[in-house]
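Following: one structure in structure tokens, then a few remarks.
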């Protein structure tokens, strides 16, 4: 017999500390927690093997191909400071292992099987370096930040949004009315909640028609371009496309998709349609916490964000730093920059394990949403800068006088912060003062400040 069968020691073939990574390799950083007694090199090598060419035993067909050319390699292991049994394993994958333009295939290869590995207690994909050669096979976001600003004719400030609540139970006519009030009051966008698809109490077509009416009425009265994220997410790709096509026929500017529950394949199809037909695409990340919340197992959100930029979306929800959902400031800013910028330097303090060059892939606007209100406005404009969408759901609709005054309060607070910044004031330290001054000439803002002055989500 020409080779020895039986379970093999992955370390022999797949741990290659001397390997020099190529510009075309896809690089991954895994946080691996091996079972007691399993050395980290063996665990890292096992991850490299099973997510590329390896199987658990030597097979006859290994002789029919060139493993040296196609195998994943674990080229570095570093201990995690302050944690006993955990290491960061760096793995390089040859580009030929992946289908062009398919986020789906990339994930199936890299995270498809290895997360159930017996030798590991837990495994987390912390970051991916997507090589330029692979980036170039993706269309990416349908339009990107600059084109969106040009379409909306809104410059030099963050955009304002609002999720219509109660998320489930309104009839289409009342839903459209809520949309109109918010847009009329001064918001740029309103949003379907992620779980509003087409339920018995409000079918999608009725909602689309009433929302389109609300958009056009508000546009005519304010002289500003308005939008409502019409959620096209559906049970089948065909139905999703049908909804997107109907939105285009109504002439509205933007549709929305839940990219994790809807799936990357559906999302990429929708993104291509949106670019071909001039629709902006708002992406919601429902289900992300299932994947990214555990510190030692799963996939970090920065990887899901990179994947979305490749698959395509013009906005994506990315945490708030200040509201009700968790997210540490530096880490959040790390993936916010990954979404917006062309080139991001490796910076471990922000959780960025690799330098990422996006070449000319358009950027994505980060959306801050979840438990934020007018008092957060200075912090949000300071943290996220101009290229962002700030979304106040309850922070608009919870206004004691109703939706339109709630929208007015948010718009006034935003404009006050932008003006203060232009005047050179420090938003971080003078934030509360800036908002207080603005309340003097805006009764709507004064009422909002009164309602939310005590609320904090602290756990």
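These residue numbers are counts, starting from 1, taken along the chain as shown.
Cβ from N, Cα, C; glycine included.
Substrate binds 113, 163, 167, 285, 317 as Swiss-Prot records it, and from the list 66, 369, 388 the residue named for this site is 369. For the pair residue 369 (substrate binding site) and residue 284 (active site, proton acceptor), the C-alpha distance works out to 10 angstrom. When the binding-site residues 113, 285, 317 are screened for a Cα within 10 A of the Cα of residue 191 (N6-carboxylysine), none qualifies.
Between the alpha carbons (Cα) of residue 194 (Mg(2+) binding site) and residue 163 (substrate binding site) lies a span of roughly 9 Å. Residue pair residue 285 (substrate binding site) / residue 165 (active site, proton acceptor) shows a Cα separation of 18 Å. Distances between the Cα of residue 284 (active site, proton acceptor) and those of the recorded positions 163, 165, 167 are shortest for 163.
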